[in-house]
Amino acid sequence: MGVVHTLHFVFGIFGNATALFLFLAPIITFKRIVQKRSTEQFSGLPYVMTLLNCLLSAWYGLPFVSPNNLLVSTINGTGAAIESIYVLIFIAFAPKKEKKKISALLLLVLAVFAAVALVSMLALHGNNRKLFCGIAATIFSIIMYGSPLSIIRLVIKTKSVEFMPFFLSLFVFLCGASWFAFGLLGKDPFVAIPNGFGFGLGTVQLILYAIYCDKKELFTKKSTPDDSLEMGNDKSSGKSRLEQV
């Protein structure tokens, strides 16, 4: 039993490290936004949705909601802080129409989180509280992990990994694998299921990279290095976000 608890803790620490990399990856993009004082064609939607996922997952990991998941709260609490900064920067430099759209979406996200938190605290107790918060966190975790599907389609269509950076795919794989193992060892389906999905998706991305990486140079690069590292959707090219951990 001691070995299981030790492994559970180790996978949680490793999951924290890999998830932090995913949360920090868009820094290059936001450096570009600040320098150009424009969000260009980037979309703020993935950052707002990842913020909601982080808030719900952090809440789910708190001891009074689900025991033995404090490591889930620490990384998602950190992720929520990072995503909040991204969203605020995006709103600051977005065109007027996009600014209103993302601001309204941010208010909606905060309202959804507040509703989940209040209902879970005031109306639910024990296992019902864990079940309610776990389902909410699982749904948005799957949505966050599912966002790279458009990149996978693009890779298959173009037979090029130009828009799928290797290290981002690697850390989706590692992050998903770590938290999947953490969820299994802790017998927590609300951690295991969405991260098992992420682990599978990361595996597919690495397989595609192995198949098409030798063809990368055959295609003319149409984006800047900053674009290829972007973890959000670029409305003009179809690139999509991971992050969200």
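Each Cβ is built from the backbone N, Cα and C atoms, and glycine gets one as well.
Just so you know, TrEMBL annotations are computer predictions that nobody has curated.
Note that this is a predicted model, so its numbers are computed, not measured.
TrEMBL annotations:
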type     : residues : note
TRANSMEM : 6-30     : transmembrane segment
TRANSMEM : 42-62    : transmembrane segment
TRANSMEM : 74-93    : transmembrane segment
TRANSMEM : 105-125  : transmembrane segment
TRANSMEM : 131-156  : transmembrane segment
TRANSMEM : 163-185  : transmembrane segment
TRANSMEM : 191-212  : transmembrane segment
REGION   : 222-245  : region 'Disordered'
COMPBIAS : 232-245  : compositional bias 'Basic and acidic residues'
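Counting Cβ pairs closer than 8 Å to the transmembrane segment (163-185), the top stretch among 6-30, 42-62, 74-93, 131-156, 191-212 is 191-212. When each of 42-62, 74-93, 131-156, 191-212 is checked for Cβ pairs under 8 Å to the transmembrane segment (6-30), 74-93 comes out on top.
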